[in-house]
Amino acid sequence: MGGSARARWVAVGLGVVGLLCAVLGVVMILVMPSLIKQQVLKNVRIDPSSLSFAMWKEIPVPFYLSVYFFEVVNPSEILKGEKPVVRERGPYVYREFRHKANITFNDNDTVSFVEHRSLHFQPDRSHGSESDYIILPNILVLGGAVMMESKSAGLKLMMTLGLATLGQRAFMNRTVGEILWGYEDPFVNFINKYLPDMFPIKGKFGLFVEMNNSDSGLFTVFTGVQNFSKIHLVDRWNGLSKVNYWHSEQCNMINGTSGQMWAPFMTPQSSLEFFSPEACRSMKLTYHDSGVFEGIPTYRFTAPKTLFANGSVYPPNEGFCPCLESGIQNVSTCRFGAPLFLSHPHFYNADPVLSEAVLGLNPDPREHSLFLDIHPVTGIPMNCSVKLQISLYIKAVKGIGQTGKIEPVVLPLLWFEQSGAMGGEPLNTFYTQLVLMPQVLQYVQYVLLGLGGLLLLVPVIYQLRSQEKCFLFWSGSKKGSQDKEAIQAYSESLMSPAAKGTVLQEAKL
């Protein structure tokens, strides 16, 4: 009896443990998604107490700026009206450092800041040095000529004489460092003196002179602390709720984030929208496919073909016009009127007429498309590669002799890639806290549910076996009683009178 009672209590105990495991597993299945969501919301908002605040304040990911130049091979022939021939040079790679300063939390659930950036040349990653000479179109001459096309003959003559006096030509041979970070040009002083409204440029002239040791303006974005639906969205840039560069309300809108973090809990129907001060506009990327980066699930977002499409191909872009062929965006309105165009490298995703007009271009989606890999649960970028090209529209301008017989063409100057991938300690921390732990908890809840189900079977099986033993014992007892009754009945039948007579008769025989 002692052993049987002990076994019964063990079975009951295991059943109770199983019930608790099953209940805990069910509770975790029901509650865990909500808890994870709350933790994510708590740690992706812009708040000093959140896990992502330090990452937001000073990006720990190493960013690189890689620049590729389109060196002009036949400048003399271009002046005679022949097709341009270019040769790609580079990359010239710079390490980019960013950190936010003047961080001010406002009463309306927003935070204001400026982001300082500095660039440092990386010889070991580059194909060449900053002292390399490259032949490019002289933007001040050829760009200025297009800007002067509608001016009076007198102004054009003055410009021609000024260029000749200063020794300015249609194409220049300058170093990488000068082209990017600026050089002293007497023509800039000439323009500022005689045509002050043409180029509001002071000091050095360079394509990226405003990108180094500078900032991209004062951003005010929503923190998501009080209103999660607006997390990371830009409220104002330099105090503006919209820009005034373009010709439609929609194109002037400041939409999306500042381009560093997005709202969490993305789906394939989500899009990445951000405002780019360099492009003077908001841009939208669309979902391409799902993937994995260093064990972390990601969504890849890429640029749709409509990003730089002209108004005839994509009517909402009409506000960015006047336009030329589809696939390039005229940014002259935010670049002092200079005939500069923005596009994908090598005119990828643009009208083939553009790449066919210049020899040496080979658009390739694997080399020239841009992408951002985002962790969909948190909205934090894991890996990115943003590639853009700057081109100059050049042509012969009557009255300005330096332009010769140049045929109208959009001539690429350079393309650049801004890339970065999370790695090292930030990646390990991110993976452990936001990927590994939720996965472990997910496995635990199902293990508890399965274990609970198995343990609940123990008392059930014990009860069934106990009933079976009782049935066998009862069946054996009943059979024994029936045998005894049969023997007794047989004995009594032998002692009855009828039975005795029969026995005597048989004896006589």
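Heads up, residue numbers simply count up from 1 along the chain you see.
Just so you know, glycine gets a Cβ as well, placed from its N, Cα and C.
Features reported for this protein in Swiss-Prot:
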type	residues	note
DISULFID	CYS251-CYS384	disulfide bond
CARBOHYD	ASN102	N-linked glycosylation site
CARBOHYD	ASN108	N-linked glycosylation site
CARBOHYD	ASN173	N-linked glycosylation site
CARBOHYD	ASN212	N-linked glycosylation site
CARBOHYD	ASN227	N-linked glycosylation site
CARBOHYD	ASN255	N-linked glycosylation site
CARBOHYD	ASN310	N-linked glycosylation site
CARBOHYD	ASN330	N-linked glycosylation site
CARBOHYD	ASN383	N-linked glycosylation site
TOPO_DOM	1-11	topological domain 'Cytoplasmic'
TOPO_DOM	33-440	topological domain 'Extracellular'
TOPO_DOM	462-509	topological domain 'Cytoplasmic'
TRANSMEM	12-32	transmembrane segment
TRANSMEM	441-461	transmembrane segment
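Positions of the features from Swiss-Prot, shown on the structure.
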residue: ASN102; record: N-linked glycosylation site; DSSP class: strand
residue: ASN108; record: N-linked glycosylation site; DSSP class: coil
residue: ASN173; record: N-linked glycosylation site; DSSP class: strand
residue: ASN212; record: N-linked glycosylation site; DSSP class: coil
residue: ASN227; record: N-linked glycosylation site; DSSP class: coil
residue: CYS251; record: disulfide bond; DSSP class: helix
residue: ASN310; record: N-linked glycosylation site; DSSP class: coil
residue: ASN330; record: N-linked glycosylation site; DSSP class: strand
residue: ASN383; record: N-linked glycosylation site; DSSP class: strand
Just to be sure I understand the packing, how many Cβ atoms besides its own are within 10 Å of the Cβ of ASN173 (N-linked glycosylation site)?
13
When distances run from the Cα of ASN310 (N-linked glycosylation site) to each of the recorded positions ASN108, ASN173, ASN212, CYS251, the nearest one:
CYS251
Cα separation, CYS384 (disulfide bond) to ASN255 (N-linked glycosylation site) (Å, whole number):
20
Alpha-carbon distance [ASN212 (N-linked glycosylation site); CYS251 (disulfide bond)] in Å:
28
For the topological domain 'Cytoplasmic' (462-509), would you mind checking the mean pLDDT of the predicted model?
53
So of ASN212, ASN383, which of the glycosylation sites has the fewest other Cβ atoms within 10 Å around its own Cβ?
ASN212
Nearest of the glycosylation sites (ASN102, ASN212, ASN227) to ASN108 (N-linked glycosylation site) - Cα to Cα:
ASN227
Note down the number of other Cβ atoms within 10 Å of the Cβ of CYS251 (disulfide bond), including every protein chain shown.
19
For the glycosylation sites ASN227, ASN255, ASN310, ASN330, work out the Cβ neighbour count at 10 Å and name the residue with the minimum.
ASN227
If you draw a 10 Å sphere on the Cβ of CYS384 (disulfide bond), how many other Cβ atoms land inside?
21
Ten-angstrom check, please: count other Cβ atoms within 10 Å of the Cβ of ASN108 (N-linked glycosylation site), all chains counted.
11
Residue pair ASN227 (N-linked glycosylation site), CYS384 (disulfide bond) - Cα distance, angstrom, rounded:
28
Could you state the CA-to-CA distance between ASN102 (N-linked glycosylation site) and ASN212 (N-linked glycosylation site) to the nearest Å?
18
Distance check, please: Cα of ASN212 (N-linked glycosylation site) against Cα of ASN173 (N-linked glycosylation site), rounded to an integer number of angstrom.
22
